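Asker: Can you keep this structure in mind? I'll have questions shortly.
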Amino acid sequence: MRHSIGLAAALLAPTLPVALGQYIRDLSTEKWTLSSRALNRTVPAQFPSQVHLDLLRAGVIGEYHGLNDFNLRWIAAANWTYTSQPIKGLLDNYDSTWLVFDGLDTFATISFCGQQIASTDNQFRQYAFDVSTALGSCKGDPVLSINFGSAPNIVDAIAQDSNSQKWPDDVQLTYEYPNRWFMRKEQSDFGWDWGPAFAPAGPWKPAYIVQLDKKESVYVLNTDLDIYRKGQINYLPPDQSQPWVVNASIDILGPLPTKPTMSIEVRDTHSGTILTSRTLNNVSVAGNAITGVTVLDGLTPKLWWPQGLGDQNLYNVSITVQSRGNQTVASVNKRTGFRTIFLNQRNITEAQRAQGIAPGANWHFEVNGHEFYAKGSNLIPPDSFWTRVTEEKMSRLFDAVVVGNQNMLRVWSSGAYLHDYIYDLADEKGILLWSEFEFSDALYPSDDAFLENVAAEIVYNVRRVNHHPSLALWAGGNEIESLMLPRVKDAAPSSYSYYVGEYEKMYISLFLPLVYENTRSISYSPSSTTEGYLYIDLSAPVPMAERYDNTTSGSYYGDTDHYDYDTSVAFDYGSYPVGRFANEFGFHSMPSLQTWQQAVDTEDLYFNSSVVMLRNHHDPAGGLMTDNYANSATGMGEMTMGVVSYYPIPSKSDHISNFSAWCHATQLFQADMYKSQIQFYRRGSGMPERQLGSLYWQLEDIWQAPSWAGIEYGGRWKVLHHVMRDIYQPVIVSPFWNYTTGSLDVYVTSDLWSPAAGTVDLTWLDLSGRPIAGNAGTPKSVPFTVGGLNSTRIYGTNVSSLGLPDTKDAVLILSLSAHGRLPNSDRTTNLTHENYATLSWPKDLKIVDPGLKIGHSSKKTTVTVEATSGVSLYTWLDYPEGVVGYFEENAFVLAPGEKKEISFTVLEDTTDGAWVRNITVQSLWDQKVRG
C-alpha cells in the first residue's frame, strides 16, 4: 500500500538535508537480491554493496586468499542484477518521484516498475531520474532493478569499435585488465602494481527514492560552500588582511523558487557560540543551483590549521533557502573551517634570491599565509571494495597519520573520490588532503561525449567536498604530464605536439575552468608532477601555459617523482632529485609474517614460492596471465638485492623463521632508504632548492602482498611507519655520509616557524658499547641555532680524519636537545631527537650479541627493553597475531646499560590481553645469527 504525507513524514532520512514537502526512502532499508546467469541462482544482497561481497556473504565464494583473486575473475566477466523486493509505502499524492543514486559502479541499466529508466557509465557521478510516469502506471508496489554490465567486457568492446580513439603503440599502461582508459571507474580496479584486479560492480553508494508532494517542493542534491578571503584568486596568494567571504550554492531537484532568499548561521562547534547570522546577498538562480554570498566584515573566526601547526577549529554553517513568501524551502548544515590554502608556483623573487634561494619558481603550500613543510605520504584505496571501508577503519588509519607526525596525504588517482566522512575525519585530525581527479598513467579519450561525462563528474565532486578545510589542492591526474607525455614522445615523436594539445584540451582548457568556476579557495595543478606554469591567462584558449622539459641550469621548477630500483645507488645522495617538493618516491618491501599468514597457507611461506611471487605485482603482468613469474621476479629480485647489498643475509633452518627474517630484512632496507631520502629532502629546506615537502609512496596496503606501504593490510605498522614517525619530528639531527668521498656531515633541520636552539651530543662507541678513545677526534657536544623552516650544518669531517681504529666496529650516536616554539604557540617547548651513523653497511659491521632483555611493567601495555652486552641496532619490538596496535617507539638503537620503557597502544584485541606474554624483541644481530 501507499501512504499519505503525514504518515510518511516519520520516515525521512535523518542525515539528509531538510527541504519542504519531501518524502525520502533510503533504499538501504529495502530487501535486495543478487542474480546472474553466471551464477544460476539468486542470493540475498545488501545495499550499498558490491557483487563480490554479497557472494562472499552468501558463501558462494571465499576470501581472496592464496591465488583466489585469479579464481574469482568469472565474477567480473558476468553481468549482475540487483533487484529489490516490492517497495511498499510510497506516497499516492505526490507531484513527482525521483530515483537518486549517489554512486553506481559502473555500467548500469536501471528499471523501475518493469520499465527501463536509464543507463549510467560513471562510477563517480550522482544521478537523478524522474520516475513519476513509471510509478503512476505501476500495477502494485514498484520493484527496482539495476543490471550491472561486465566492465572488462564493455571496455573491450569499446576498444574494438572502429570509431574509438586509438593511441600509439607502447604508450598505454596495462596492469591486468586492458582498456581501463575507456571507463569512468576506479582505474586500480583493473589492477595496479600494489594490488589485485577484481573489477567490482554494484551500487557502491547510497540511493534514495525522493517524492516531492508539492509543486514548490525540492530535494537538495549537493552543496558547494566556499570560504575564502575577499579578492582571493585560486592561483595568487590570498591577502590575509581581507575579511572572509562565504559563498553558498545549493543544487536542488525540483522547481526552482522564484526570487528566493538565503541566510546562514555560523556556530562554533566546540563552544556552540554563534559567530554570525545573516542574509546572503546577490542571490541568483541558474541551472539547478541557488547561490548567495556574504562578506564577514569585522569578524575574526578562529582559524583551522593542519596538525602540528595549530588547532583544528571548526564551525557549523546552517544554510537556509526561503521562497518569496518566507517559507523555508531547504536547509543544509555543513561543518567547515576558516583557512586559506594556496599552492605557490610563482617565480622566485629577488628578495628570495637575496636569501640564497636558487632561481626558478616556487612549488610549495602556504596555509593561512604561512609557508610550511608538508610531511606525509600517498593514500591509495584502503580496500578492494569500498563498501566495506568503515569510518572506524579510516579513523584508525588517520590516527596513525597524526601519530606519525604527518600533516598531508596525497589522495592518489586513480582510486575513487573520497567519501564525505573521510574528509570529515581529516578536518577533525588536521590532515591536509591533496586531492586528484581520477585519471592515472594513461591517455584518455578526448571526444565530446567523454569530456561531457567527466565534466559532470568533476563539477559534482569539486562542489561536494569544497567546504572541507582539509582539502588542499585539486590536481588533474597522476603522472599524466611527467610520465605519459614523455612516453608519447619516445614512442611517436611526430605525434608529440598533437598529444600535448590533447592533454591541454582536457586537463587545462576543460578542467581548470571547472575548478575555478566552483571554488575560489583551492589551487589547481593539471598533473601530480609538473614543472609548474609559465603564466596564467584565463581569457586564453589554454588558460595555463605549462613549463615542459625544463633544462635551465641552476634553476629549479616544480615537484619531483622518483623511483630508482638500482639498489647500488639507494643511499647515494647524488641520485636523489633536487627540487622544490617531492610528491612520490619509494621502494617496495614484504609485509610481516603475521600479515602473510592471514592470506597464505603455511606451506607457501617461502620468499620465492609461487603464491608469494604471484601476489607480488611489481613488475605487473601487463595482461590476464596467471603465471607472471618473469615480471614478478624483477620486483622480488630488487628486494633481494636491497637486502644482500647492505644487510646480513638471513639463514634460518626453520622455513617460517627464515621467511619472517627475510620479510623483516626487506623492511629494514625500505625504511633506511626512505629515511635517507627524507633527511635529504628536509635538509633541502635550507638549501638553494628551498625544498618544502616530502610525501612518500605509500601510506597503506590494499591487501596482503609486497608493496611500498608503511602500514600493512589489517593495520600492523611496518618498520617504515615507525621510522617515518621518528624522522618527521619537528626538529631532527641527521648524519650525511658520502661513502664515495668519505665526507661526514651532521645537519639539524627544523620545521618550526621561528629559530630553535640547543646542543647535539656526538658519541662514538664501538659495537660492544665502549667509548672510542678521544671520541675519535669528534667534539662531544656542538651548540646550534637553526632558523625557522631551515637547516644548518653543525659538524663536518672526513672519515680519513677520524681516529677510528676500525670503521666496521664503530657507531656515532647523535642526541639533540633543543628548545623552540611550535607554530601558533606562545610557549617554549623542549625538543629531543636521536639518530646514529655507521661508516660501513650493516652487513659488514662487527656486531655482537646485544643481550637484549625484555621485561613487563606493572602497566599491562608497557614493556622495558635493555641491551646488556653490546649496541643493539634496529631494535625491534613485535607483537603476535590477535592484536592490532603500535609501540610508542620502535626500530631504535640501544647502547649497553640503556633501558627504555615503551608503551603499546591497543587498537584491537581478540586475545583478552594474552598477547602481552608473546611480545618479542630482536635486533640486527638476530638477522645475522644462523638458526
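Any Cβ shown, glycine's included, is placed from N, Cα and C.
What Swiss-Prot records for 1-21 is signal peptide. The N-linked glycosylation site annotation in Swiss-Prot covers Asn40, Asn79, Asn282, Asn316, Asn326, Asn347, Asn608, Asn658, Asn790, Asn798, Asn830, Asn918 (among others). Per Swiss-Prot, active site, proton donor is recorded for Glu479, and the stated evidence type is similarity to another entry.
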Asker: Could you check what DSSP calls Asn347 (N-linked glycosylation site) once collapsed to helix, strand or coil?
Answerer: strand
Asker: Just give me the nearest neighbour of Asn918 (N-linked glycosylation site) among the recorded positions Asn40, Asn347, Glu479, Asn790, Asn830, Cα to Cα.
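Answerer: Closest candidate to Asn918 (N-linked glycosylation site), judged by Cα separation, is Asn830.
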Asker: Among the glycosylation sites listed here, Asn326, Asn347, Asn658, Asn830, Asn918, which has the most company in the form of other Cβ atoms within 10 Å of its Cβ?
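Answerer: The residue with the densest Cβ neighbourhood is Asn658.
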Asker: Name the residues of the same chain, 6+ apart in sequence, whose Cβ is under 8 Å from the Cβ of Asn316 (N-linked glycosylation site)?
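Answerer: Val266, Arg267, Thr269, Asn333, Lys334, Arg335, Thr336 - these are the non-local Cβ neighbours of Asn316 (N-linked glycosylation site), listed in sequence order.
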Asker: Please report the three-state DSSP label of Asn790 (N-linked glycosylation site).
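Answerer: Once the DSSP labels are grouped into three classes, Asn790 (N-linked glycosylation site) ends up as strand.
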Asker: Which residue among the glycosylation sites Asn40, Asn282, Asn608, Asn790 has the fewest other Cβ atoms within 10 Å of its Cβ, if you could check?
Answerer: Asn40
Asker: Including all protein chains shown, what's the count of other C-beta atoms within 10 A of the C-beta of Asn798 (N-linked glycosylation site)?
Answerer: 12
Asker: Measuring CA to CA, name the entry from the glycosylation sites Asn40, Asn79, Asn282, Asn347, Asn608 that ends up nearest Glu479 (active site, proton donor).
Answerer: Asn347
Asker: Can you tell me the CA-to-CA distance separating Asn40 (N-linked glycosylation site) and Asn79 (N-linked glycosylation site), as a whole number of Å?
Answerer: 12
Asker: Taking just the CA atoms, what is the gap between Asn608 (N-linked glycosylation site) and Asn658 (N-linked glycosylation site) in Å?
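Answerer: That comes out at 12 Å between the alpha carbons.
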Asker: Out of the glycosylation sites Asn79, Asn326, Asn658, Asn798, Asn830, give me the one sitting nearest to Asn790 (N-linked glycosylation site) by CA distance.
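Answerer: Out of the listed candidates, the nearest Cα belongs to Asn830.
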